[in-house]
Amino acid sequence: MDIILGVVMFTLIVLALVLVILFAKSKLVPTGDITISVNDDPSLAIVTQPGGKLLSALAGAGVFVSSACGGGGSCGQCRVKVKSGGGDILPTELDHITKGEAREGERLACQVAMKTDMDIELPEEIFGVKKWECTVISNDNKATFIKELKLQIPDGESVPFRAGGYIQIEAPAHHVKYADYDIPEEYREDWEKFNLFRYESKVNEETIRAYSMANYPEEHGIIMLNVRIATPPPNNPDVAPGIMSSFIWSLKEGDKCTISGPFGEFFAKDTDAEMVFVGGGAGMAPMRSHIFDQLKRLHSKRKMSFWYGARSKREMFYVEDFDGLAADNDNFVWHCALSDPLPEDNWDGYTGFIHNVLYENYLRDHEAPEDCEYYMCGPPMMNAAVIGMLKDLGVEDENILLDDFGG
């Protein structure tokens, strides 16, 4: 009898707890549809289910807000203005949004939870962003760890981007083995030296990342990217390799690939000031886009130079392209500096880190380095070194333009 009574009491307690949870859920968790009002325009309103994030709700309605980190809250790009219904700003957002901006309603769309009706404001250019399923034309090594991915835009479509802009590329769930990569013989030595073929990338969900375009607007019908493989650091070889770069390196001619865009803010200023471009690694992409656009589309007569840093001649690419531009345009010169030239390179050009080379061979004796505009993209250490050098020369922030994607 005591056992039966105990079972009954236990069951009643469980049922009571379930009822409490259901009651709390009915009060705390929103049900039914919610409406997102956009730019005070009824035709732009979005009706969706509660429970997700604002970034996903916008994407589901065909409104693609830039998010280089794929919604993780680390890039700070998916900024929107939430006028009501977004709740309190989260600590994860305060790394990217000042207190003053927060008071104005600035939020990261990837961090805003969908709980109730919401009123938001988006930049008008967002509505020009589209999504395309592209076809891989080619995916060739340009350096030991850099591929040039060339995508064909669907017939009849165009991506209305500006030089220095970027797109977002989607990687589906995948299992990629580095051993399956087709690495040309000239680059295999380093891959084997660092035992890179042992790595795999296994991902169970879709991932989105941003890449700057290497082509310029008059190279119609294509998107061209420079993608550096993101292998684990030598001092921590057991961490997972880069999800997106691993996927991109696995693509072959004829494969399909989904992109969205265009996005961007790393655009050239419309002035007559001298332009100094500084790049390294896959930071070549926006440098090529900008320089080609200035010289081949705009036929600019602005004085400009390009300074590119690489390890050895094996890591130099687009050399013939830039040599041709320099030959055809008296206002353009370019230089490459090798930080670790190989004996077989027989290199007689500049050596060392590019920020030192730029300073020692040009800016130190420049009559007004503070009047130039500096456009740069490269590894974080290069960017920091160049910016530090420019600050020492008295260059103002407004004349230092940085693309953070290309390292």
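Placement of Cβ uses the backbone N, Cα and C atoms for every residue, glycine included.
Features as listed in Swiss-Prot:
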type	residues	note
BINDING	C69, C75, C78, C110	[2Fe-2S] cluster binding site
DOMAIN	32-126	domain '2Fe-2S ferredoxin-type'
DOMAIN	129-269	domain 'FAD-binding FR-type'
REGION	272-389	region 'Catalytic'
TRANSMEM	3-23	transmembrane segment
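Features per Swiss-Prot, on structure.
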{"residue": "C69", "record": "[2Fe-2S] cluster binding site", "CB count, 10 Å": "16"}
{"residue": "C75", "record": "[2Fe-2S] cluster binding site", "CB count, 10 Å": "19"}
{"residue": "C78", "record": "[2Fe-2S] cluster binding site", "CB count, 10 Å": "24"}
{"residue": "C110", "record": "[2Fe-2S] cluster binding site", "CB count, 10 Å": "24"}
Assigned element (helix, strand, coil) containing C110 ([2Fe-2S] cluster binding site), judged by DSSP: helix
Take every residue in the domain '2Fe-2S ferredoxin-type' (32-126), average their pLDDT values, and give the whole-number result. 89
Cβ within 8 Å of the mean position of the Cβ atoms of C69, C75, C78, C110: remaining residues of the chain near [2Fe-2S] cluster: L55, S66, S67, A68, G70, G71, G72, G73, S74, G76, Q77, L108, A109
